[in-house]
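Before any comments, here is the structure.
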Amino acid sequence: MFALDSIVGKHINYALDKTQHLPNKIMNNITNTEITLQDYQYFVSRIFIGLKNLNSMLLFWDTGMGKTLTAVYIIKYIKELFPRWIILIFIKKSLYIDPWLNTIRSYISDTSNIKFIYYDSSSSLDKFNNIYRSIESSLNKKSRLLIIIDEVHKLISRTVKKDNNERNFTPIYKKLIKLANFENNKILCMSATPVTNNISEFNNLIGLLRPNVMNIKEEYINNGKLINFKELRETLLAICSYKRLIEADSLTETNYIDGYAKKNIFYHNIIMSDEQSKLYNMAEKYDYKTELGGLKTMRRLISSFAFYDLKIKGDLDNIEYNDMIKRKLAEFSEFTKNINFSESFIESFKNDNIKIKTNLPITDINNYNILYQYSCKYIETCKIILNSRGKVLIFEPLVNFEGISSLKCYFNCFNISYIEYSSKTLKTRDNELNEYNNYENNNGKKVKVCIFSYAGSEGISFKCINDIIILDMPWNESELKQIIGRSIRLNSHKDLPQEYRYVNVHFLISYTNNRKSVDKEILDIIKDKQGKINVIFDLLKSSSIESIHNTYKYIEPAENEIIFDTIRKTRMKEMNVSNVIINIKLYPISYCKDYDRATILKGLLNKDTNIVYKDNTAVAKLMIDKDNIPIFIIENDTLIYIADDYYE
């Protein structure tokens with residue numbers, strides 16, 4: 001074990017001794033009932049309150065673990081450390097009433113010292129700039145400051161440079177650093193996913209909690225490990241509290257555990273029609289010409305739905321384009337009103353027997369071919385729904401023409417019942433959600449499907465879901481986790497028999513007829529990001545107060561505080577990565593790219609990672625099957641691996 005651990009362990013026990021008198025209950029003044037904190041909530045509160053020099057902490061807890069209540073408990077009892085505090089709470093505007101204001105009013109009588117700032121509101125940030133000087137001048141003389149940042153990853157993402165240019169939020173970020181690290185002030189950050197995109201976000205998060213102590217670089221991560229793990233860990237000791245019930249990321253299957261449904265992962269590789277492929281190629285050219293091409297916007301739209309005669313926006317202004325979209329939707333909606341597939345056709349469709357059945361109505365076959373021509377994804381979605389034993393969730397962020405509106409036309413053709421939870425259904429969605437979640441609908445007999453957009457990706461829960469379909473990929477795993485998390489909650493499946501307590505997660509990956517796929521591109525980006533982020537999460541877990549306390553639970557407490565003032569002011573030495581020699585065993589192979597199987601290439605394979613190198617540079621990664629076995633073909637008695645492009 002590392003040298004500093006035992007000293008930090010002594011300080012944790014010092015804080016626990018110092019705060020023995022704090023109650024593990026908190027009174028709800030509205031209901032006049034006492035709430036008992038969970039052991040982990042009580043533990044972290046006592047450490048944060050009991051250690052004066054531990055001025056910063058991250059609550060790295062899963063969604064639903066009680067971060068808000070813990071923060072409110074700390075607000076209530078931090079006066080044990082000093083009698084007068086200004087409380088500054090940074091949150092998303094949508095979270096002001098519930099949970100924050102409601103929770104604070106329930107447990108704290110005097111809220112006059114609490115100020116809210118919305119980090120997603122320019123007017124609220126202007127308010128912060130206006131009160132910044134008055135807060136700064138009052139510190140040390142008569143008050144101390146406690147800063148609380150909810151969903152800190154959303155704030156941090158606003159600080160990361162874009163195209164090497166500083167973001168507008170950077171001045172606010174710098175002021176927060178100055179206030180948080182002013183003598184005797186404290187900062188508490190909270191997130192279930194503290195890093196969502198890249199290493200720069202992690203550096204900025206640490207820069208907020210412990211300024212100038214380190215700067216991690218991507219080259220420190222090699223083969224899924226940090227080459228300077230020990231140095232980083234000692235710099236970050238006790239920087240966070242770690243509480244995650246399920247550590248697997250969204251792309252990893254999990255078994256049923258502690259009230260959480262089993263998660264199965266399915267990838268559906270589907271081929272677009274010639275018409276959809278043609279429009280995709282047009283969209284690709286359009287994306288490359290525009291400033292927002294990196295967002296792959298038009299390709300994503302066409303991958304979902306490509307109505308005939310629907311052209312790329314081109315030179316149309318927004319009004320003209322929206323009018324054209326409305327007109328085309330009306331045409332498509334009118335066309336599908338006359339389609340109502342027969343029971344015999346639907347049964348054959350469910351079982352993938354359309355091509356071999358010769359007695360199906362010719363009208364059904366023609367209509368099916370037309371619908372498939374417009375969207376291979378929506379056809380596959382209908383097949384998954386019809387084969388599901390229970391209720392189905394569908395994530396479709398495209399609310400208008402290319403998304404939910406056209407998808408509902410497909411459902412009508414296949415007699416699939418549904419509700420919609422999006423920004424367009426504000427007046428009806430809550431009542432419909434109650435009907436969908438009703439006990440009598442646990443098997444989806446009354447309402448089979450709920451289509452939801454980003455409006456439903458946070459803050460709501462669905463019960464007894466058996467399948468969730470991801471029609472359009474978000475850009476990072478944390479958003480994906482929020483989306484899938486709507487269907488897998490604590491005890492969300494308790495009303496189903498044991499054998500039905502599962503959720504099948506379906507990723508729809510559509511390809512053109514020449515194997516282009518924006519879905520695959522985004523999925524690969526997510527996987528690459530998350531591989532590095534998981535290394536960071538492992539570092540935070542190892543540095544957490546729980547990890548240290550579990551080892552040194554019975555060590556003699558420190559007599560007074562000495563260590564954290566030193567830790568948070570000691571900068572980790574920069575590592576010269578060029579001096580670090582890492583030996584990797586490589587094997588010569590023949591391979592080809594999946595999209596160009598005619599060209600046979602030579603390379604050196606790292607069997608541990610399936611990465612192929614040429615001239616000391618990673619150039620490709622082997623494709624694997626569901627059993628994690630590399631895919632290959634045999635040509636002229638030569639084994640040839642199938643690979644995708646890979647960039648380090």
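Using N, Cα and C of the backbone, Cβ positions are placed for all residues, glycine too.
Listed in Swiss-Prot:
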type    : residues                                               : note
BINDING : TRP61, ASP62, THR63, GLY64, MET65, GLY66, LYS67, THR68 : ATP binding site
DOMAIN  : 48-212                                                 : domain 'Helicase ATP-binding'
DOMAIN  : 378-541                                                : domain 'Helicase C-terminal'
REGION  : 467-533                                                : region 'Binding to the cap-specific mRNA (nucleoside-2'-O-)-methyltransferase'
MOTIF   : 150-153                                                : motif 'DEXH box'
Non-site residues, in chain order, whose CB comes within 8 A of the mean position of the CB atoms of TRP61, ASP62, THR63, GLY64, MET65, GLY66, LYS67, THR68 at ATP: LEU59, ALA192, LYS243
Residues that sit under 8 angstroms from LYS67 (ATP binding site) by C-beta distance, when 6+ apart in the chain: LEU59, TRP61, ASP150, MET190
Structural state census, the region 'Binding to the cap-specific mRNA (nucleoside-2'-O-)-methyltransferase' (467-533) (DSSP three-state): 28 helix, 14 strand, 25 coil
Counts by DSSP class (helix H/G/I, strand E/B, coil) across the motif 'DEXH box' (150-153): 2 helix, 0 strand, 2 coil
Around the Cβ of THR63 (ATP binding site), the count of other Cβ atoms that are within 10 Å: 17
Arithmetic mean of per-residue pLDDT over the motif 'DEXH box' (150-153): 95
Other C-beta atoms that fall within 10 angstroms of the C-beta of GLY66 (ATP binding site): 18
